[in-house]
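Asks: Below are the features I grabbed from Swiss-Prot:
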type	residues	note
BINDING	GLY8, LEU9, SER10, GLY11, ALA12, GLY13, LYS14, THR15	ATP binding site
BINDING	ASP57, ALA58, ARG59, ALA60	GTP binding site
Amino acid sequence: MRFLVLTGLSGAGKTTARGFLEDLGYFMVDNLPPRLWPPLLQEAAARGLARVGVVVDARALAFFQDLEEVLEALRPTVVYLEARPEVLLRRYNLTRRVHPLGAGNLMREI
């Protein structure tokens, strides 16, 4: 089974990448705590799924204390997305959404 962890900067394209991965046949889950990844993979294997991915978002970091331990045990492919600050700023200005890491100076938060 292929197991992928998709993460990166807020506004860097995780939602778009998730859609592409789903189009490639990945079963994707958002912000599932790492301690639940092994049961997810067991269930996926039992159902014959060949590709599973999880999206890790900065807003869910409180649930990710055991991330390093689980990454070592499962050895997933990790995809980290980033973009230039001016691109992130433009995307947030287009969507008019509040940056998930703070409502202060947007450029500083990026």
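Cβ atoms here come from the backbone N, Cα and C positions, even for glycine.
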Asks: Could you check the binding-site residues SER10, THR15 and say which one's CB has the most other CB atoms within 10 Å?
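Replies: The residue with the densest Cβ neighbourhood is SER10.
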Asks: Which binding-site residues are spatial neighbours of SER10 (ATP binding site) here, meaning Cα within 10 Å, out of ASP57, ALA58, ALA60?
Replies: ASP57, ALA58
Asks: Nearest to THR15 (ATP binding site) by Cα, among ASP57, ALA58, ARG59, ALA60 (binding-site residues)?
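Replies: With Cα distances computed to THR15 (ATP binding site), the winner among ASP57, ALA58, ARG59, ALA60 is ASP57.
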Asks: Check THR15 (ATP binding site) against DSSP and tell me helix, strand or coil, would you?
Replies: helix
Asks: Could you check the binding-site residues LYS14, ARG59 and say which one's CB has the fewest neighbouring CB atoms inside 10 Å?
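Replies: With the binding-site residues LYS14, ARG59, fewest surrounding Cβ atoms within 10 Å: ARG59.
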Asks: Based on DSSP, name the secondary structure state of ALA58 (GTP binding site): helix, strand or coil.
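Replies: In the DSSP reduction, ALA58 (GTP binding site) maps to helix.
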Asks: Are any of GLY8, LEU9, ALA12 (the binding-site residues) within 10 Å of ASP57 (GTP binding site) when you go C-alpha to C-alpha, and if so which?
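Replies: Checking each Cα against ASP57 (GTP binding site), the hits are GLY8, LEU9.
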Asks: Out of ALA58, ARG59, ALA60, give those binding-site residues positioned within 10 angstroms of LEU9 (ATP binding site), comparing C-alpha atoms, in sequence order.
Replies: ALA58
Asks: Using a 10 Å cut-off on Cβ-Cβ distances across all protein chains shown, tell me which of the binding-site residues (GLY8, GLY11, GLY13) has the largest neighbour count.
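Replies: For the binding-site residues GLY8, GLY11, GLY13, the Cβ with the most other Cβ atoms within 10 Å is GLY11.
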Asks: Report, in whole Å, the straight Cα-to-Cα distance of ALA58 (GTP binding site) from GLY13 (ATP binding site).
Replies: 14
Asks: Determine, using Cα-Cα distances only, which of these binding-site residues is closest to ALA58 (GTP binding site): GLY8, GLY11, ALA12, LYS14.
Replies: GLY8
